[in-house]
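Asks: What follows is a single structure, and I will ask about it in a moment.
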Amino acid sequence: MAFRFRQKFKRSSAVWTAAALLAISACSGGEESETAAISEDAVKVGILQSLTGTMAISEITVKNATELAIEQINDNGGVLGREIVAVVEDGASEPATFAQKAQKLIEDEEVATVFGGWTSASRKAMLPVFERTQNLLWYPVQFEGNECSPNIMYSGAQPNQQILPALGWAEEEGYESYFLVGSDYVFPRTANLILKKHLEDRGLELAGEAYVPLGGTDFSGVISRIRSADPDIIFNTLNGDSNVAFFKQMQAAGMPPSELPVMSFSIGEQEAQAMGTELVEGSYATWNYFQSMPDEANQSFVGAYQEAYGEDAAITDPMVHGYLNVYAWKAAVEKAGSFDPAEVREAARDLGGIPTPMGEVNFAPNGSLVQTAYVGKLGSDGQFEIVSDSGTPIDPQPYDPLAFPDQSCEV
Amino acid sequence: MDAALLLNQLFNGISVASIYLLAALGLALSFGLMRVINMAHGEMLMLGGYLAYLTLIWVPGAPGILLAIPVAFVGAAAMGALIQLSLIRRLMNRPLDTLLATWGVSLILQQAARDIFGAIGVEVRAPDWLNDSLQFGAVVIPSARLFIILVTILVLGALALLIRRTRIGLTVRAVNQDRMMAGATGIDAGRVDLVVFALGTGIAGLAGVVLALLGPVTPSVGQSYIVPAFLVVIMGGLGSVLGTTVAALLLGLFSALAQTVVDVSAAQMLLLLFVIIFIQVRPQGVISIRSRALDE
Amino acid sequence: MSGPLLLAVDGITVDFDGFKALDTFSMTLDKGETRVVIGPNGAGKSTLCDAIIGRVRPAAGRVLFRGEDLTGLSEQAIVERGICRKFQAPGILAGITARENVALAARRDRSWWQAFGKGIPAEEQASVDAVLERVGLADRAEVKAGELAHGEKQWLEIGMVLATGAELVLLDEPTAGMGPAETSRTAELIRDLGDTRSVIVIDHDMSFVEQLAAPVTVMHQGRFLKQGSVEAVRADPEVISVYLGHSA
Amino acid sequence: MSDAVTSQVPAADGDRAWRRRAMALLPWLLLALGAAAPFYLSGYNLSLLGRFMAFGILAMGIVLIWGHGGILSLGQGVFFGIGAYAMAMHMKLAAAGDGQLPDFMMWSGREALPWWWEPFASPVFAILAVFLLPALLAALFSWLVFYRRVSGVYFALITQALALAFATLLISRQDVTGGFNGLTNFPSLFGLSLADQTVRDGLYWTTLALAALGYAGLRWLLATRFGNLLRAARDAENRIRFLGYNPVPFKVVAFAIAGMLAGVGGALFTMHAGNISPALVGVVPSIEMVIWAAVGGRYSLAGALVAAVALNILRDSVSSAFPELWLYLIGLVFILTVTLLPNGVAGLARRVSRR
């Protein structure tokens, strides 16, 4: 047995480390922004997405689409005659980092507005920063609603623009028994809460509900339960890699999408192609945009994106929302005649139609986008064939009246 | 609760236990021998998975899967040998430091995988006979899971043969029992460490192949199985293959049966609780080899 | 010179996976007695110490100290009853001074809430000094224990064992690694102990054993073999065959 | 340097004495520099420094248990999280107002406040909980494990499982914990608006004061017999057992103190950052906390405090400029510190200054 005490530290060690620290902090503290936020010929905006971590793969595409829009606008003379300068920051798939970087963009970089966020967690973490600084965030992803901050423009679908139209379609198709599978986080749980209320209201059957931890890949228990429950259709709010494991294990258990239909809310073109279309072919998804949409505006957007980021690049709904957010901001700035966030967000609330790859859209007074929902069926080429749509654009409802009767949006 | 669900979960428990066991065996072997835990062990699973993916690009179909098994074994073993030689050997007798250093390796390997293969998982396409399922009344057994159990039994058998019947096994047992004495009789304990470590990481690579039959291969695939594997090692007792096997079965079945009552997240919580209660009863693990060696 | 019965080891068996380190071993020790336990390697001498101080749990048998059964008590409880052991390799705390080592052992109240103070409490100072004096380390008291010479470390650990106030002291190879001069000083120290304490010494250095001039118990393969004076044991043919024969 | 050693002896002695005096002054200088930070740092940088200093408080606890107690915990995020959530629950209730449910409970379908939320409405209870809850849970958990003499690598792995289970539990009980989103959006603290810069300055000074207090307290603790016995339990657990000590309570108390420091760090972090989520308490952040102490020097309180701040500043700047590089960098830091600098920067500094 060798019993040795380590020597206790002399004070000197503390001093040296402290000196090293001071040197480091002095260096990084000195990073002052060189250009003023709104100079004579440029305006700074922030792009805040996860460039690392689990969400990076999805969020980088939104960052790309946002940058594409900025580039196009700059090529056509900028906004109010000024060039847009984008400051990109990494949210690192971590809510606290999003909040920290949002503060950095607004207070240190003094950006006029910020485009970014993907997960609800990141948006929730950034919200107080935007409210405190009275800046404006443009959020591009469908989400669970239950929020309407005056300092956020929500262009992604509210539950009544994605989940409920999907339920409407399934009901029309004659599906009566529903099994809800989701990753264990806010969107699936809230979406399913709303779905359950509507199932009950419409006299449809809830066959079961199961959650796996985010990133979880073991579905053995869930699949046993699905088999016991024997539903007509599965409503799937799983996220990311869990989807591959789920579809794979469903197939191995003899229940591929062709036998037991699956309606997914987090599988877009990119995810489907990365997973391998063989697994998910024949499954359904509901979005406000599909790459296969035939309009000319969409074709030219897809062309421009693929020219910039690769011919095979898949285009998804959140990317288009990220892209249109920049154009909406531009339109609002021009309408307000100012870059001031308070005036811009006033102006943004009724722009009277902005042309986008998904057609003309408009922001409702509650700060969310009025948009049409489409149901697509995934083909073997990794593209969705649109099988149904909501017909007219749907007004956004942040609070579902059935699930949250006492809530309303006051902006 | 209906009987079919219960039976299905029993089978699932065994299949999950097989994965835990494949992931934990290497950890347990090197822990018994060197008292170190390799935090990058999960990344050996990941490496095995990606090697299977690459092998199947090169040789598709059933021969590909069969070829992937030795390829992943050798690839992961080689990576393990590299880690052992460059890092673990230098940190001999500093088990806690080894934990931290190998965690660093794990971070680097994960990021490297992300840079090489992308953050989205790649899919290893199993041949059709592995995508089927067998049905016995209400019990449905996916053949992929059956295959995994089979592979695990083969690995266990081979390992038992290796340890009990071969000269390598003899030297391993000797070093396991008394490192100093084994050294005195001319056994190169350093070499035994290397071989066992490489063998252990090789088995993890193999586990990566069978995991790829169930889900995507992602840069973080190892992380989702490594914590249960650690729990198996804790429960199993010092370096005992039998103890590790029993512990894996206990944990696999516990987790599968818990899932019939609560959801997956709560089952994870219960699993830890189960292990903490277990060590109250048997702190030395399922199987304990009492030896005269001085502790510490 | 010995008084009433202090320790009775009653037929204990310690089993390591089928290997019996102790096999129905028995011995007794009187108050104030010094006893030497010898035996070839693997005879079970250290295991005997382990069993007495509660480091291993015997599969069968009892250890009685002042008539109380110790088996099943925690290590601390056994120390509290008055038994302390010096290990083969010096078990000292290398990072603190010799005095602090002894002071740690000399603490009367060893609960954690009594530890939030610095230095040595005044009432324990005298006993710490006395112990240091006794083991001949008084002028080395302020040296870091790790920097002491090997023999000094052995004495320091003996001092720590004494400082606990133990009535029964187990010394496991106290002269390991010592030269002849140090060995005889150690023997002298142990002989002195006989006045106030009961001592069990384990060793196989016969010259040291002779210097102790105490009764000897011989162990072989975990069993009791012989007991008697050094001379008697040395002359015993059975002992010669198992013990001296081995080492020759 | 080494030439002409003989002729320099007196000079070197004088030099050393001077240096010792300078060394004694420097921590005070550092404290003064820290205290003046609100006057020379921007609001954003000040809030960064505040939250990193909160990490530093936690890192000093790791020095106590890991450096001096030999207990490697890969689950300090749990105690950080308990402190953070305790404070966040209070701020959330304050934001919701009397009798109102916090927003996330409402949209998770909950109709009433769970009973164990209710006491957190009281600021006094919340502050007590920040200090005591992590300490009590750390004590209970570590006692269960140490009492059965499970330690070392086993303990490290069990704490890691604890971190995983804790994060999973937080995520899965969205209706009462805020789930994956965590808790966020706290406009005020004890009735003071957090948008107000003077409140934020005050918060920073509180953090600095608590860090200084933690440093001083731990320095004292490590110099007592308790410190000696803790190190003895690390190096020679059996020896002190056979001297009649029970090492378990020493380890448990140290672990509880480290848990408390982690909890205080968590609460301060939450106040600075304005949010807390499971992403900050799970397996990965928990192990990263250990590297702060490792880089600073596992035996050095000041080293850990300083390294926690410095590494996070580094992370902030590196991850802005080269996001992908950060993981490689931190991985390398893990490997290199452990193999080449086991005593961290503080150990290196000591070697240099000894010369």
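The backbone N, Cα and C atoms fix where each Cβ goes, glycine too.
Note: TrEMBL annotation is automatic and uncurated.
Quick paste of what TrEMBL says about this protein:
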- B:12-32: transmembrane segment (TRANSMEM)
- B:44-61: transmembrane segment (TRANSMEM)
- B:67-88: transmembrane segment (TRANSMEM)
- B:100-120: transmembrane segment (TRANSMEM)
- B:140-163: transmembrane segment (TRANSMEM)
- B:194-214: transmembrane segment (TRANSMEM)
- B:226-254: transmembrane segment (TRANSMEM)
- B:261-281: transmembrane segment (TRANSMEM)
Asks: So which of B:12-32, B:44-61, B:100-120, B:194-214, B:261-281 is most in touch with the transmembrane segment (B:67-88), counting Cβ pairs under 8 Å?
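Replies: That would be B:194-214.
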Asks: For the transmembrane segment (B:226-254), find every same-chain residue at least 6 residues outside the stretch whose CB is under 8 Å from a CB in it, and list them.
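Replies: For the transmembrane segment (B:226-254), the sequence-distant neighbours (Cβ-Cβ under 8 Å, at least 6 residues beyond its ends) are 10, 13-21, 23-25, 27-29, 31-33, 37, 39, 41-42, 45, 156, 159-160, 163, 176, 270-272, 274-275, 278-279, 284-289.
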Asks: Do any residues, 6 or more residues outside the transmembrane segment (B:44-61), come within under 8 Å Cβ-to-Cβ of it, and if so which ones?
Replies: 23, 26, 67-68, 71-73, 75-76, 79-80, 109-110, 113, 117, 122-125, 127, 201, 204-209, 211-212, 217-222, 225-226
Asks: Sort out the residues at least 6 away from either end of the transmembrane segment (B:100-120), same chain, that have Cβ-Cβ distances under 8 Å to it, and list them.
Replies: 37-43, 46-47, 50, 53, 83, 87-88, 91, 216-220, 222-223
Asks: Between the transmembrane segment (B:12-32) and the transmembrane segment (B:194-214), are there three or more C-beta pairs closer than 8 Å, counting only pairs 6 or more apart along the chain?
Replies: yes
Asks: Same chain only, please: residues at least 6 beyond the ends of the transmembrane segment (B:140-163) with a C-beta under 8 Å from a C-beta of the stretch. Say none if there are none.
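Replies: Distal contacts: 8, 11-12, 14-15, 18-19, 21-22, 25, 69, 126, 129-134, 169, 172-173, 203, 206, 210, 213-214, 241, 245.
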